[in-house]
Amino acid sequence: RNLPWWLAGTSMVATSFAADTPLVVTGWVRQFGVSYNWIWWSFAIGGMFSVFLLARLWRRAEVVTDVELTELRYGGRPAAVLRAFRGAYMAIPINCITLAWVIVAMIKLMRVLLGVDPIVSVAVCLVLTLAYAVLSGFWGVVVTDLVQFVLAMLGSITLCVLTVVKLGGLAAMRAQAQTASSLGRGLTHFFPRPPEGAEPLSAAFWSGPLFAFAVFLFVQWWANKNADGGGVVVQR
């Protein structure tokens, strides 16, 4: 409760900026184009909803984790059972899946960039992470998030600048990317576009990317398990 707002906010962003993030976003852009990023850009709406409306309600509830709210909201033995089940479900299968894709991303990066053996990568990363998380507590995790986020952003910006310079500028980079992609000019469209010649009232107009965009923008941000902020954001 004593965390400065800027530190808590940076930690929220850093939590979703793991080793897997650049890999998966690059894959999406390569396969579906820039406009496919609306699959996660749309969550900004829910994020603002959580910050300006739900945050004060979470704080008023005086809970430490989101599963506590289950028992507070419903009460009785059934609520306690539901809380225990949800806690176990989120902690074991869901967290294991999430950790797996982050660890696999780190293995790929360490192998390609440094030539490190996968077993060594996993051992070193897990030991270091577990050590500072256990020894320093939540404050240590949040401060580490801040440091790692700054380093990740500086690295991303540096890589972006070097890439643009290497390819001869933004216009040249865009042209080369469009030429190399099967999507052509559609690769760099900020918003998805309907098929050429499709009538506005036809099924072809609203199917495919345009329909997906509508779902991302008007449904997905509120119809997901983190629509109420989610445990990671709530704790911060």
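Positions of Cβ are set from backbone N, Cα and C atoms, glycine also.
These figures come from a predicted structure and were not determined experimentally.
Features as listed in TrEMBL:
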type     : residues : note
TRANSMEM : 38-58    : transmembrane segment
TRANSMEM : 87-107   : transmembrane segment
TRANSMEM : 119-142  : transmembrane segment
TRANSMEM : 149-173  : transmembrane segment
TRANSMEM : 203-223  : transmembrane segment
Any residues 6+ beyond the ends of the transmembrane segment (149-173) with a Cβ under 8 Å from its own?
10-11, 13-14, 17, 22
When you check the transmembrane segment (38-58) against the transmembrane segment (119-142), do you get at least 3 Cβ pairs under 8 Å, counting only pairs 6 or more apart in sequence?
no
In the same chain, who gets a Cβ under 8 Å from the transmembrane segment (87-107) while lying at least 6 residues past its ends?
18-20, 23-24, 65, 67, 118, 121-122, 125-126, 231
